[in-house]
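K.L.:
Questions regarding the structure given below will be posed in turn.
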Amino acid sequence: MVMDKLGSSLQDALKKLVGAGRIDEKTVTEVVKDIQRALLQADVNVKLVMQMSSHIKERALKEEVPPGMNPREHVIKIVYQELISIVGRSADIPLKPQTIMMIGLQGSGKTTTTSKLSRYFQRKGLKPAVICADTFRPGAYQQLKTLCDKLNVPFYGEVGNPDAVGIVERGLAELGKNDVLIVDTAGRHSLEADLIDEMEQIHEIAQPDYKLLVLDGAIGQQASEQARAFNDSVGISGVVISKLDGTAKGGGALSAVSETNSAIAFIGVGETPDDLEKFEPDRFISRLLGMGDIKSLIEKAEETLSEEDIDMEAMMRGRFTLKDMYSQLEAMNKMGPMKQIMQMLPLGGMGAKLSDDAYKVTEDKMKGYRVLMDSMTEEELLNPRLLGSSRIKRISLGSGSSPDAVRELLKYYKMMQNAMKGLRGGKFNIQKMMKKMGM
């Protein structure tokens, strides 16, 4: 998950509201203090934290609770809205032909982000191409070329040529027929005069529609100074916060965006080419607070899965079979790591509480279930009631497993079957919950 520790701390703070008999000033003050502590530990700017804390307390104690909402839900909604105000709006990078210039310091994850961005446009049906203008860092050309080759993205660069401006000029001519041209510029260990001069010359030649500053999610408080310097030099259209998965604090980068009045365009949430997400403030905060992110989950499923992969409507209408469960497991495997998928489900932050080891064990168990089902007949997959002791023994032998493993699979299947019945019966009214929060 993005910013695991911050998300867990914020969720713990809001739990105090659940146990409170009534929402009074003392309870609100305690919750606000816990939120302050969580944000400051994540490197969020002190001034921003204090402003937000004041707003939460004032609104929670003075605003009238809207009809259909209890006081606890109202305070949670206020926290949700005020956290969104900290991260600000999102920078909208449209899905159309354009030129994008990538800027940032060395080590920010700029080159990897460039390849991920090309993959993002590729997934959306556009034809991206990449120009390597980083002539400063040894290995930059080969790294970016390798990443682009794996994605079948057209690439232009010149090994050993220090003339970055000339490379960009020739690259634009060579790759101009593609929809989205992404120029990866050189980084430095600090914002030096020669880097600024080179960036300004490339900017003049490329005439980019958008300039994206890549900031390392773990950068801390110096992020604001960097963002201001780059903004003064060539201007910033948007920010990409990289390495925001796992333990990254992220608060410094988020503060930098707020202080420079810019906006976040994308966030890096993992190591694979597909782990770059368009930044949506409401969805980001929803995930942090353990409320899930159903919209992103649906979008990910639409991008990754075909209609044949999983037929949710059919499952919701009729019987849920082992064959349906097999399709579910296959679909989840295609959509990415289980940890990312779990964070998108509104499970009250349950996903955030699981350790990486727990996720690994769960993923291994799901793989084992698929192996067991591969040893079943079509008739057994469609009608699990047929699975008596003799069939269970045959399946365990055919899969190299034990009868107990088959019984564990059937127990999991029963649990999933009951969950589907609950969804059909409206026990988990996700839409109602999201509507209450204004999502």
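Every residue gets a Cβ built from N, Cα and C, even glycine.
Below are the features I grabbed from Swiss-Prot:
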| type | residues | note |
| --- | --- | --- |
| BINDING | 104-111, 184-188, 242-245 | GTP binding site |
K.L.:
Could you tell me which three-state DSSP class K110 (GTP binding site) falls into?
P.N.:
helix
K.L.:
Please name the residue among the binding-site residues K110, R188 whose C-beta has the most neighbouring C-beta atoms within 10 angstroms.
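P.N.:
The most densely surrounded of these binding-site residues is K110.
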K.L.:
Helix, strand or coil by DSSP: which one applies to R188 (GTP binding site)?
P.N.:
coil
K.L.:
Using a 10 Å cut-off, grab the number of neighbouring Cβ atoms around the Cβ of G107 (GTP binding site), all chains included.
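P.N.:
Counting Cβ neighbours of G107 (GTP binding site) within 10 Å gives 13.
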K.L.:
When DSSP is mapped onto helix/strand/coil, what comes out for G104 (GTP binding site)?
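P.N.:
The residue in question, G104 (GTP binding site), is coil (DSSP, three-state).
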K.L.:
For T185 (GTP binding site), which residues in the same chain are close in space, meaning a Cβ under 8 Å from its Cβ, but six or more apart along the sequence?
P.N.:
M101, M102, I103, K110, A133, D134, A164, E198, M199, I202
K.L.:
Suppose we draw a 10 Å sphere around the Cβ of G104 (GTP binding site). How many other Cβ atoms does it contain, all chains included?
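P.N.:
The answer is 26.
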